[in-house]
Structure formats: C-alpha cells, structure tokens
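**Student:** Once you've had a glance at the structure underneath, I'll fire off some questions.
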Amino acid sequence: MKVLVTGFDPFGGEKVNPAFEAVKRLEDKIAGAQVIKVEIPTVFRKSIEILDKKIEEEKPDVVICVGQAGGRFDMTVERVAINISDASIEDNEGNKPIDETIFEDGENAYFSSLPIKSIVSNIRNEKIPASVSNTAGTYVCNHIMYGLLYLIDKKYKNIRGGFIHVPYLPEQVVDKRSTPSMNINDIVTALTVAIKTTVETQNDIKISDGKTH
Ligand code: PCA
C-alpha cells in the first residue's frame, strides 16, 4: 500500500508550518505502507494542480493532506470540505478569493473517506488531544481538501483521502499570549497513528464525537 502525505509551506507571516515540519519527519514505512511526503505551496488552485500531478505520478492508495490550524489546541481530523473559498488573508502568491466556487461541476461538499472516528480515538489512546472537526475553514486547507475529494470523485475512485489540521508549534507562540501549541514529536506521533489507522481500518467505528455548536 502507498500513502501520499502532503504538508503546506509557511504562510501568514509564520517562519515554519508545523504541517510540513511534521510530515517530513514521518517514517518512510508505516504499518507496512510506503509513505511519500510532499510539500505543497499555500496557494489557491496551484496547490490542487500540484496534488493532482503527484497523485498521477505516485498512484497512492491513500492521500492525507495536513495543514496548520493556528489557535486550535488539538489534532483535528476534518469531516467535510465545502465548495467555496473565502480568504481572510492573501495566500503565498497574493490571491484572496471571496466567495469563489472551487469547482463548478463539483458537489457542494464532500466528506472525508478516512476512518475519522477511529483516527481520533487512536490518537487519544496515545494521550494526545484530538477531535473531529466539522469545518476546515474557507482558506487553502479547505480548498485542497475539497480539491482532493473532488479529484477522487471524478478520476481516482479507489483512493481514500482526507485532511488533518495540526496546532502551532511552541516556537510559533512565544510572542502570542494564551495561544495553544503542540510539540513536534506529538504531532508526528499523531500523524503516524492516523496513517496506521487508515491503512488498517476499512470500516470506521461508530462513536460520538459530535458537537452542539
Ligand atoms: N493552513 C491554512 C492553509 C495552509 C495551512 O497550513 C488553512 O488552514 O487553510
């Protein structure tokens, strides 16, 4: 089995992105699966084009995209991506789409095809905080998750894919009061668990991890 894992480059004035910092530290083999790691620019459209090329080239069985969610305290496994971009800041090439449809011929939303509940449960078993998130936002992370699931729906039917957001690293919050962070080793462990769980789980477990708001 082959797993393609992507991590975004730094954006929004940060010097690092914990997503690619963690992705590049992953083992090359996890649960018997080959792990391919790739850095993706935080740029609307281009990020999806690069992902598409990489999928074409590598023909993975699983694709997991990873991004930074500054301000969140835990690992958040995204449930859904929506067909809209509404940027609050420019991307790394100066794009700032407002209420823009990602793919005209796509569904309004796509659900992750990763075993999200099993992933959350197994990360928590490692004593690392994790939860299911019901919004990946409307910036480049939602964009690439939507693009990935659109591509899977349109041309890579047998691939399972989804998205995981990770908190800031401690070094990023030195000058941000009361902002949560997670150390790199825990993020790497949590992503490793997510990959292992996806490789080993076909049917997700049914446990509640919903929210009232
Ligand atoms: N996080 C941003 C885009 C790139 C990243 O790592 C987001 O959550 O949209």
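Backbone N, Cα and C atoms are what each Cβ position is placed from, and that goes for glycine too.
Note that TrEMBL annotation is computational and uncurated.
Okay, so TrEMBL annotates it like this:
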ACT_SITE  E78  active site
ACT_SITE  C141  active site
ACT_SITE  H165  active site
**Student:** Have a look around H165 (active site) and count the other CB atoms within 10 A of its CB, chains all included.
**Tutor:** 24
**Student:** Distance check, please: Cα of E78 (active site) against Cα of C141 (active site), rounded to an integer number of angstrom.
**Tutor:** 10
**Student:** Quick one: Cα separation, C141 (active site) versus H165 (active site), in Å?
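**Tutor:** Each residue's Cα considered, C141 (active site) and H165 (active site) end up 8 Å apart.
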**Student:** What count of other C-beta atoms do you get within 10 angstroms of the C-beta of E78 (active site), across all chains shown?
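**Tutor:** There are 25 of them.
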**Student:** DSSP three-state call for H165 (active site): helix, strand or coil?
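**Tutor:** SS state of H165 (active site) = strand.
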